[in-house]
Each structure stands twice: as structure tokens, then as C-alpha cells.
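A.B. asks: Pulled from TrEMBL, these are the listed features:
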COMPBIAS  1-17  compositional bias 'Polar residues'
REGION    1-24  region 'Disordered'
TRANSMEM  42-59  transmembrane segment
TRANSMEM  74-94  transmembrane segment
Amino acid sequence: QVTSFQGVAVRSLSTSSPHEHPEHGRLVYKGNLAKTVLGVKFFSYSTSIFNLFMMPYIMLKSGIGVDSLLLQGAFYGLIGFFTFVTPVTLHILTKGYVIRLYYKDEMDTYTAITYNAILAEKVTVFHQKDVKIPDITKMFTTFYAKTKSMLVNPTLFPNPQDYNHLMGYDKSSLFELEEVKEADERK
């Protein structure tokens, strides 16, 4: 494949499809809010860092008009509290949002890509048997991979069978019912 950009030839030698990753496997899911999550977290972090650098200047130059040291401490404490609480809350709410999910057929393993606290991509590898579906629907959790909560949108899987396999819905419950009946008959 040869593409030309203003007279400069660029050659791409790729043997795999754009949905294949040599290390992780086949791309089965891509979250549509990945850029939004990254942008909101980046904006929150940058405003918090700006606030931290501006706080000494504000403290030196501001005239709150209150002579009470207690009220001034409460004011600066409130500003400092929200400087740290907003990014931490955003991280807690979005840490399980899966931006990409890969599946490796040979090993029956999944690789989930999420953002960590410093906005870098974090890789979590798990087996389908490690997937646990919460008994009670949780707001920011679709399933647990080992002990980590993960959030995916089932409608964004191009192939519904991939979602069914991930969640274990493709396993026949008929065998489980027969096993339960046999166990009851033995008693």
C-alpha cells in the first residue's frame, strides 16, 4: 500500500488487518467515549495543577475581607479540597471504562485497555473464566475481570457473539440444569 502526502511517498507494510494486534489478538470492542474520558480527565488534571500553582499567589494577593484566620482557613481548605476531589472522583468513576478489548482465540484470553491515573493506557489480561457478572446491577460495572470492575457498552460490539462469549452467555445452561437434576436425584 502506497500513499502520497504532498509528493512524499509513504509505504505501509502491514500483514495484519487494522483490527488485529500481534500481542493482544483480535479487536472485538472499541469504546466510543475513549477520547471524551481522556479529554475530561486531562482538563480536570490541568485545572487542578493550575489551581495548585496559583494558590500561593492567591493567598498572598487576595484580600478576602475577613480578619478571622478560621474563615480564611476554611475558604482555602474548601478550594484545596475541590482541587483534589474532582480528579480523584473522575478517576474512580472512569478507571474501569474499557477503551479497547482484544480477544486471542488460541488462548481464550481477553486484553482490556483502560486509562490509569496518569492517563496512560493500562493493560489487563484475563481469561473468560475470570469474568464474573455482578448479582446486582452496578452503575459503572458491566462485569468483573478477576477483581477489577470493567465497563463496556454491549451495543458497541460489532459481533454480538463476542459479547456473549465474554459474558459466558454462549455456554449452554442445559448441561447445568441436567447436573442439578442428577444431584437432586442422588439425594
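Backbone N, Cα and C atoms are what each Cβ position is placed from, and that goes for glycine too.
TrEMBL does not curate its annotations; it predicts them automatically.
Buried or exposed, and what's around them? Tell me for each listed feature.
C.D. replies: Long-range contacts of the transmembrane segment (42-59) within its own chain (CB-CB distance under 8 A, at least 6 residues past either end) are made by residues 76, 79-80, 83-84, 86-87, 90, 119.
Counting only same-chain residues 6+ beyond the ends of the transmembrane segment (74-94), those with a CB under 8 A from a CB of the stretch are 37, 40-41, 44-45, 48, 51-52, 55, 59, 64, 66, 115, 117, 140.
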